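A single structure is presented below for examination.
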């Protein structure tokens, strides 16, 4: 029986010539055409045992592929050009891909040009980017590869600070490619992380590129009323799905988002005032009743800053209150601030540079009902008066934008809506063009380049150009609307001294 001799890494294997003759694969066809009997055919880059497995497949159409031998069989199948075995090996590798081996499989797929494996391993890296940073091979990704990964719309980061920590870890291994930092969008980062990057001597250039990472975009939480029960829904920009988080039966409450939790504050249940505060985790959907406020009240004003929920003013039965207090997320005790100069409810409160500004609302007692234009600022542990609003307004909504305050007024006794800008450094109010009119209740959110207003319709206001954009979207039955980013960055006053500790804590928090 004639044989064909193969030499693999110095080892000899003889193959029945009938197997070679019957083979439809390219390598063996060429052997049939050109092989001289007495010559040993040298095969380079192939494992001896993998070649034996391929011969078994050609004889019996069966092959034993495991996670331990799949790579060497796949290499042999690619070199010898046995497409069915290539497909079986690729399927095995894709089936067994995970966060601990996806970078190795990614590199393997590039080396041998295996598109399906490349796509699957890239997808695994994108879905597990925070985990794969612990792989020693992570630092060997090229600048272009990491840019592609972190620019993917579905990369699994939920805040731009996470992207920053991933980049800083990679830059530590690739100090000549620090300009990769320019893929960051500073407006989505916390002040602490921006300060940390500046202290490292890195500069993020201003970019006009669109934001591609869906996970860092604003999440949305909406409460809609229906037959005395309000439904809470949450929209994730990464999954692009709305999910029902829970329900509440309160009226005249206020709400705010802090550390990925929605707080429902005060209000009334069955026409009775309450001082309880409920919290729902928007990720786990678990509810918790947190420590009660100091008194029963509704129509409070709220704002959040530095991991704390601030509750200001409100209506205690029929009397407006001057009480101001805050609760640190995860704490069990409310801390009282000095009382407001003027008690009020349904006004607006907003933080600018760690100072609280409170404006408008109603001062009421059993004998009085006064619509306010007063503005107060809490700074250096005391309330001081600021320039009043141009008009008296019972309902005010306000947001901070680029260091100033933009206030939009609702309607109760007023005849129209107004838009104002308060220039903080000049203590000065100016009136701006108002696009819509005759709207009572609304919600206002600062969204990077624009301010979003949910009123009788959805509006975008662009402060830099003083222009409006109307979005054709239903806003019926909305009781609460807010946009937020998932901020889990450790709180820290970042200095040269605290920088190493801050970055270490961020890495422990973000990269698993």
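Please read every residue number as a count from 1 along the shown chain.
Including glycine, each Cβ sits where the backbone N, Cα and C put it.
Because the structure is a prediction, the values reported are computed rather than measured.
Feature table excerpt (Swiss-Prot):
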type: DOMAIN; residues: 2-67; note: domain 'BTB'
type: DOMAIN; residues: 102-176; note: domain 'BACK'
type: REPEAT; residues: 216-261; note: repeat 'Kelch 1'
type: REPEAT; residues: 262-307; note: repeat 'Kelch 2'
type: REPEAT; residues: 309-354; note: repeat 'Kelch 3'
type: REPEAT; residues: 356-403; note: repeat 'Kelch 4'
type: REPEAT; residues: 405-449; note: repeat 'Kelch 5'
type: REPEAT; residues: 452-498; note: repeat 'Kelch 6'
Output the single range from 216-261, 262-307, 309-354 maximising the number of Cβ pairs under 8 Å to the repeat 'Kelch 6' (452-498).
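Of the candidates 216-261, 262-307, 309-354, 216-261 scores highest.
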Taking a Cβ cut-off under 8 Å, which residues six or more beyond the ends of the repeat 'Kelch 5' (405-449) line up next to it in the same chain?
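Sequence-remote neighbours of the repeat 'Kelch 5' (405-449) are 187-188, 218, 348, 350, 352-353, 357, 359-360, 371, 375, 386-391, 393-399, 455-457, 459-464, 466, 468, 470, 478, 480-483.
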Tally the residues of the repeat 'Kelch 4' (356-403) by DSSP class, grouping H, G and I as helix, E and B as strand, and everything else as coil.
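Once the DSSP states are binned, the repeat 'Kelch 4' (356-403) shows 0 helix, 26 strand, 22 coil.
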Per DSSP, what is the residue tally for the repeat 'Kelch 6' (452-498) in helix, strand and coil?
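With helix first, then strand, then coil, the repeat 'Kelch 6' (452-498) has 0 helix, 20 strand, 27 coil.
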